[in-house]
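Inspection log for the structure reproduced underneath, given as structure tokens.
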Amino acid sequence: MEQYILKLENSINILAFLGALVSSLFYWAKLTYYKQIQVFSLPKFCLIFSNCIIAGMLLERCFRYSYFPLSNLYESLLFLSWVLNIITIIFVDKLSIIGAIGSSAVTLIIGYANYILPPSLRQTSILAPALRSNWLMMHVSVMIFSYGLLIMGAFLSLIYVIVNNNLSQKSLNRMFYLPSFYVDFDKNEPRNDIGTATINRNKLSYETIESLSYKFISLGFISLTLGIISGSVWANEAWGNYWSWDPKETWALITWLVFATYLHIRINKKWNKIYASLVASLGLIVICFVTWE
């Protein structure tokens with residue numbers, strides 16, 4: 001019976017994967033081609049469609065097993081993709097590159113969870129007594145929510161670093177139709193204006209990317225702090241000690257230290273924002289380790 005349900009879940013999740021993939025392709029096409037995509041509502045609709053399927057899968061597991069589905073890596077990845085989808089849907093109208101980042105991340109996560117993760121890791125087993133606690137839902141959901149925010153912020157920081165340091169305006173012109181590419185960061189309209197006005201708009205786009213990255217990471221850092229504290233309380237309640245230095249705890253602490261360093265550099269006006277963005281980009285690698293650990 002369990003194998004049949006897993007096959008059914010895989011079939012349904014194909015729709016979520018395709019929705020995120022189509023959305024990703026449209027958003028990247030909109031950023032990299034001059035002509036405005038007339039069906040701009042389609043990628044956002046695909047994201048919403050994909051998100052509804054993921055939410056349905058989580059709710060189905062919740063009702064079937066009578067607890068919030070965050071007990072294994074598969075369920076955690078589904079929840080992470082749902083969080084990233086929500087963030088993307090909310091903020092894509094403010095900065096269209098968020099649509100490209102968020103939908104691509106969701107596509108990769110769903111693809112990994114359904115096509116690479118071994119079936120044994122997707123099956124749910126009976127929870128250990130220590131996991132039958134309300135702290136499970138609170139701690140894990142807050143941690144994954146924080147990772148979703150930090151992933152989005154770190155990706156934006158990475159783009160900020162690349163655009164400011166590694167690409168000149170001439171090289172960008174060779175890669176993209178420059179007016180459309182930059183203006184699309186801020187608005188969903190193509191522009192033909194060039195020259196000083198365009199350069200000023202480009203700088204505004206850079207600052208918009210960096211500012212949103214800072215806001216995402218700040219909120220994610222607060223959530224991560226709350227998640228670590230709730231996890232410590234849960235550990236003390238279940239096992240009698242607040243910290244045991246297991247891999248999950250260690251990587252969560254490393255993640256906290258990396259983004260604490262980012263915030264320290266970012267707030268200190270003596271440092272250039274580019275250094276803070278480099279640290280945040282490093283945090284993206286750390287999050288990958290802590291998520292898949």
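Cβ coordinates are placed from backbone N, Cα and C, and glycine is handled just like the others.
Straight from Swiss-Prot, the features:
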- 12-32: transmembrane segment (TRANSMEM)
- 39-59: transmembrane segment (TRANSMEM)
- 78-98: transmembrane segment (TRANSMEM)
- 99-119: transmembrane segment (TRANSMEM)
- 142-162: transmembrane segment (TRANSMEM)
- 216-236: transmembrane segment (TRANSMEM)
- 250-267: transmembrane segment (TRANSMEM)
- 273-293: transmembrane segment (TRANSMEM)
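Scored by C-beta pairs under 8 angstroms, the transmembrane segment (78-98) has its highest count with 142-162, from the stretches 12-32, 142-162, 216-236, 250-267, 273-293. The recorded stretches the transmembrane segment (273-293) and the transmembrane segment (142-162) share 3+ CB pairs below 8 A when only pairs 6 or more apart in sequence are counted, and are therefore in contact.
Counting Cβ pairs closer than 8 Å to the transmembrane segment (39-59), the top stretch among 99-119, 142-162, 250-267 is 99-119. Counting same-chain residues at least six beyond the ends of the transmembrane segment (142-162), those with a Cβ under 8 angstroms from any Cβ of the stretch are 70, 76, 79-80, 83-84, 86-88, 97-98, 101-102, 105, 206, 209-210, 212-217, 219-224, 226-228, 230-231, 252, 255, 259, 262, 273-274, 276-278, 280-281, 283-284, 287, 290-291. With a cut-off of 8 Å between Cβ atoms, the residues of this chain six or more beyond the transmembrane segment (216-236) that come close are 87, 133, 135-136, 138-139, 142-143, 145-150, 152-154, 156-157, 242-244, 249, 252-253, 255-256, 259-260, 262-263, 280, 283.
With a cut-off of 8 Å between Cβ atoms, the residues of this chain six or more beyond the transmembrane segment (250-267) that come close are 143, 150, 157, 214, 217-218, 220-221, 224-225, 227-228, 231, 273, 275-276, 279-280, 282-283, 286-287, 289-290, 293.
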